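Pulled from TrEMBL:
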TRANSMEM  41-59  transmembrane segment
DOMAIN    50-308  domain 'G-protein coupled receptors family 1 profile'
TRANSMEM  66-86  transmembrane segment
TRANSMEM  106-123  transmembrane segment
TRANSMEM  130-147  transmembrane segment
TRANSMEM  159-180  transmembrane segment
TRANSMEM  248-273  transmembrane segment
TRANSMEM  285-311  transmembrane segment
Amino acid sequence: MNEAYCGPRDFPGYQKSTARTICYILYLLESFAETVYLGDIYIYILAILINIFHFLVLTRKSMRSSSINIIMAYVAFFDIASQFYWIQQEVNSYYQDVQICVHGKFWYYLQVIGNFLYWIHSVSRRHSTWLSFSIAVIRTLVVRYPMNTSFEKLSKPKTAHLCVIGLSILTLPLIVLGFFEKEAWYVGWTPCEPSGSFKYWNTGTSDFFMANKSFLFNLYNSADGILSKLKSRQQMMSSRTNKSTTKLVFYLAITFFLAEFPLGIITMLYIVIPSPKKFPMFPYFLYHFFNLFSLFLSVTTCTHMVVCLFLSSQYRETISVFVCRGCVVKTKDSISLRTAPMTVTTIL
């Protein structure tokens, strides 16, 4: 590995052997990440297509009798919305690589669109996380206290919409602050093919966020990391250990622990890591870990439909009706699926 890229000078205070070891680990991480990134666009597109189908199934009339199904539909919707930012990043990388001449404002608009999609991505991930947590809470309470009429009301469709509205109100400060997190920066003129140059713009954390010793940056990421990921992970895992838990809750806890929790830690590390001026290579570690776990999170969103497909016969029957455009499939008792009440969570 070339020490001009990473070497002992990048880790002052460390022994040369330790610094070289860290650089070698970074080299392996980047090599692995670059290999994975070659196919990430297909994962994002697949996640969108699968979740669109999942959303359409969950929003069938026969499936809307349960709050759990409706919340899962909301989760699928937010999972779809969160993928478009990564697709925009792929478009951004493509034009950076080909370096063709484009319209003068092209790069500026591309970065503005990217910043907006990043905001949508952040809001969507936060909502998806807490809605998944609400599924765990509702299922645990309903199963544990089946005779309690107050908890029984939680399974009504109205509960799902109230959860989304309440979550949006509670996280409104983060939603508003997040809108101002990123801004487009003018870099300068860049050569392009076949001949010429164009104005190149990039994106980064806004001056508004970095003012006053990065006060808003630290506040926003601390709140987002703790409230959106770390805290809900703790509650999710505690629900998992309850004897009244269901397969659905257990699955949500496992996938949450494997993907969302590491992202929460990385978000917090952006605040507590040493100054980039003293340790310039550490942000590269966080950058690749964040992208890799985000990609893994996209993979887990694809599995939501698969889990429902394997665990719920009613979900499979709804797909059969949906795919054949409303045809009636008879059960052993000759009951039409059009009139049979359905809920994914009946057997979970």
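Positions of Cβ are set from backbone N, Cα and C atoms, glycine also.
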Quickly jot the same-chain residues contacting the transmembrane segment (106-123) by Cβ under 8 Å, restricted to those at least six beyond its ends, or write none.
81-82, 84-86, 88-89, 91-92, 95, 171, 175, 178-179, 181-186, 198-203, 224
Could you name the stretch, out of 41-59, 66-86, 159-180, 285-311, with the greatest number of CB pairs under 8 A to the transmembrane segment (130-147)?
66-86
